[in-house]
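J.: Have a look at the structure that comes next, please.
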């Protein structure tokens, strides 16, 4: 399904292998760079896969030989899979390119999405992503991860929002290289089902906040 506004095309790709999604990202990126296509966002789920960003250390990886795909985004290792909504914004950033400001816009968009579901989430100084603050249930917990790259002024990679995924997949790795915090999902925090299908229209409604600022 494709939704287009005057500024942004949103492509719902269903479930897509990581390599196929990466190929589509690169195709869209080239089209945006060469002005053949306007800003676009891919929204999808992946089959279970681990991906390692450029700052991943050997000890962050699974110890049991689980396959890992090395990618050219920032950040460290993470997991993608069923029950997690992944977004790949392919956006031309205004000059001068401010990567930190873009990451903050992505974070705020996801914070606003969480708020619509009734979950209070925010930022932690020095750490990217969106977090549920420490409370009597435990330390701070990441509900959404962000890892991006900017090439020729246009973004690649993006964000992942844990909806109702199996959180035990994170037990094999040091997610995003952070040992002193946890990982969570909308469903785990709210105590009710929140599926990718539930999250899709909410995320889609907030995506225009990423464009043109």
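Positions of Cβ are set from backbone N, Cα and C atoms, glycine also.
Sharing the features that Swiss-Prot gives for it:
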ACT_SITE  176  active site, acyl-thioester intermediate
BINDING   73, 74, 75, 76, 77, 78, 79, 80, 145, 146, 147, 158, 159, 160  substrate binding site
DOMAIN    35-213  domain 'BPL/LPL catalytic'
SITE      142  site 'Lowers pKa of active site Cys'
J.: Using C-alpha atoms only, work out the spacing between residue 73 (substrate binding site) and residue 142 (site 'Lowers pKa of active site Cys') and round it to an integer in Å.
T.: 19
J.: Averaged over the whole of the domain 'BPL/LPL catalytic' (35-213), what is the pLDDT?
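T.: 90, rounded to a whole number.
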J.: Provide the three-state secondary structure of residue 75 (substrate binding site) computed with DSSP.
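T.: Once the DSSP labels are grouped into three classes, residue 75 (substrate binding site) ends up as coil.
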J.: Let me check the 10 A CB neighbour count of residue 159 (substrate binding site). How many other CB atoms are there?
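T.: A 10 Å sphere around the Cβ of residue 159 (substrate binding site) contains 26 other Cβ atoms.
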J.: Within 10 Å of the Cβ of residue 77 (substrate binding site), how many other Cβ atoms can you find? Include all protein chains, please.
T.: 25
J.: Quick one: what's DSSP say for residue 145 (substrate binding site), helix, strand or coil?
T.: strand
J.: Cα of residue 77 (substrate binding site) to Cα of residue 142 (site 'Lowers pKa of active site Cys'): how many Å, rounded?
T.: 14
J.: Please classify the secondary structure at residue 159 (substrate binding site) using three-state DSSP.
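T.: For residue 159 (substrate binding site) - judged by DSSP and reduced to three states - the answer is strand.
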J.: State which of the following recorded positions has the fewest other Cβ atoms within 10 Å around its Cβ: 73, 75, 142, 147.
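T.: Among the recorded positions 73, 75, 142, 147, the lowest count of other Cβ atoms within 10 Å belongs to 73.
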J.: How far is it from residue 79 (substrate binding site) to residue 142 (site 'Lowers pKa of active site Cys'), counting Cα to Cα, in Å?
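T.: Per the Cα atoms, residue 79 (substrate binding site) and residue 142 (site 'Lowers pKa of active site Cys') stand 13 Å apart.
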